[in-house]
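Peer 1: Sending over a structure as structure tokens; questions will come in a sec.
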Amino acid sequence: MLELQNEIKSFDFSFINNLAKNKHKKAYQGIVQYGTAGFRTRATSLDHVLFRMGLLTVLRSQVKKATIGLMITASHNLEIDNGVKVVDPNGEMLETSWEIIATKLANVEDDKVISILQEIIKEQNIDTSLSASVIIGRDTRSSSLNLSQAAVSGIKAMNSKFIDVGVVTTPQLHYFVVSMNKNRDYGIPALEGYYKKISEAYKKIIETTINNGKYSNKVQLDAANGVGALAIKELKKYLNGALNIEIYNSGEGQLNYMCGADYVKQKKISPLNIPINPYVKCVSIDGDADRIVYYYIDKYNQFHLLDGDRIAILVADYLKELLQQSHLNLQLGLVQTAYANGNSTVYISDTLNIPVACVRTGVKYLHHKALEFDIGVYFESNGHGTVVFNESAINTIYMTANNNSLSSIQRKAAQTLSYVIDVVNQTVGDAISDMLLVELILHAKGWDIVTWKKSYSDLPNKQVKIEVQDRNAIITTNEERCCIKPKELQKEIDKIVTKYEKGRSFVRSSGTEDVVRIYVECENDSDIDKMAAEVSLAVYELAGGIGIKPIIPESNKQI
Ligand code: 16G
Ligand code: ZN
């Protein structure tokens, strides 16, 4: 069980000042920005940022009168990078107005740290005599331990209580924050509580549904040489063979290097070190285990990706089925971003008849939108996503499951839904719990991975990035689907897309790298490279591209 260390006292600003100017002084003079996934940059530039985030989370905890989380990870980035994100009391990402505060505090000179802290206290009207608590976790990067110590140094300097949970996945840290704040209604705030909750619910569903088809419970899992490998090894102990997970890239190689969910999704190829046999179900998760994609190769050695869009559809379709069987009138909805494949959106709205919303990139936007439904499924196509159930949906499901006056079919479907609630990590996308969710659905449907893939075909698509002088030169609207600055760029994009059947393209500045990202999709595979190059060239010329100028290939040639 987690235990809080360090008792609250009043702040000693001169002590904090001393730490800021000496032990945790700025080693990096560039600007760091709290982006979609917190601060993320070279690990060597982050010590002062972590110290200051330790200070800040204590204030945040006092404002929210709740436990706040601090996760040290750079997710799918290579080992050389690191990062930190703050987790708000309900497991959400830090509130936007505090991202600005965090950025300010992270960037001021060492001797200004105290005055900024005092400014925050005053502006936010913080009662600094209140008790505070912070939960801090880290991924397996070699830089993560020192960085977590810098954060602890900040937390201790503010005399706050804290729990250092050590090496955990990002979703586990979110789970801890929520279970600490919800008085255990959500789950027991310990790793054992996490594993038990998801594995027991999973086993219950598997036991009560019959695999009457092609389903195989074998999964080859690429753990990106990250923390997910440790977590899956642990999970296996709780699953007792209910799922046969073979783990690859479990830490012997370099973190996220030619492996992991992001690599597989972007390159559309298998990762290093995973046995390639036709039709074997494979899974890649990312370095902090909050993203997941499925894939297989066919007998012609062709690679087939089942990304976040497919997972969302599989999950939403299954939930709809259970809602129908249990006669529950709950509003189910799905949330995507502009990156979702056009055919997936058409399939959801036209074939599944499930309302689908589009929001801008970044988990917080998807999560927030999904909360508008009784049951909201959200996934980015990169494999980050989950399902959120509102309180009244949860109560209705439990009541139906236990209502003996209803038919056994109705009750059983509601019972299954109640187990699904426990398999899902509602606090944030969780590769491990998402895998269990996918597996239990495939099991219930009796599907192999090929059958799953057959429901619809993706439009050919491509993502590229262009380095620009200033990524803020690109401003978008309409959930990133339309570029309003530079002014002429959208007109150019519109001209290009009309040349291609089912053509669609958008550009946006990255929230995690100094680049502009470009997405293109169209009907014909042979057009995709050309289309991507044309949009890239337009971005390069109109948005201040640097480096090598994109070349438009003749049809069918690679860029
Ligand atoms: C971050 C986001 C992810 C988004 C990605 C986009 C969170 C926790 N993570 O990893 O949702 O897809 O950024 O990156 O919000 P980009 O802005 O560089 O394209
Ligand atoms: Zn991640």
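The backbone N, Cα and C atoms fix where each Cβ goes, glycine too.
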Peer 1: What does TrEMBL list, out of Ser75, Ser97, Ser505, as binding the same Mg(2+) as Asp286, Asp288, Asp290?
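Peer 2: Answer per TrEMBL: Ser75.
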Peer 1: Spatially, which candidate from the recorded positions Ser75, Glu380, Asn382, Gly511, Arg517 is nearest to Asp286 (Mg(2+) binding site), comparing Cα atoms?
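Peer 2: Nearest by Cα distance to Asp286 (Mg(2+) binding site): Ser75.
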Peer 1: Which stretch from 62-99, 129-181, 492-536 shares the most C-beta pairs under 8 Å with the domain 'Phosphoacetylglucosamine mutase AMG1' (307-447)?
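Peer 2: Of the candidates 62-99, 129-181, 492-536, 129-181 scores highest.
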Peer 1: Tell me which binding-site residues (Glu380, Asn382, Ser509, Arg517) have a Cβ under 6 A from ligand 2; sequence order is fine.
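Peer 2: None, as no Cβ falls under 6 Å.
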Peer 1: Mean pLDDT, the domain 'Phosphoacetylglucosamine mutase AMG1' (307-447)?
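Peer 2: Averaged over the domain 'Phosphoacetylglucosamine mutase AMG1' (307-447), the predicted model reaches a pLDDT of 97.
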Peer 1: Please tell me which one of the recorded positions listed here (Ser75, Glu380, Asn382, Gly511, Arg517) sits closest to Asp290 (Mg(2+) binding site), measuring Cα to Cα?
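Peer 2: So, spelling it out, the nearest of the recorded positions is Ser75.
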Peer 1: Looking only at Cβ atoms, how many others are within 10 Å of the one on Asp290 (Mg(2+) binding site)?
Peer 2: 32
Peer 1: Tell me, how many other CB atoms lie within 10 A of the CB of Gly511 (substrate binding site), whichever protein chain they belong to?
Peer 2: 16
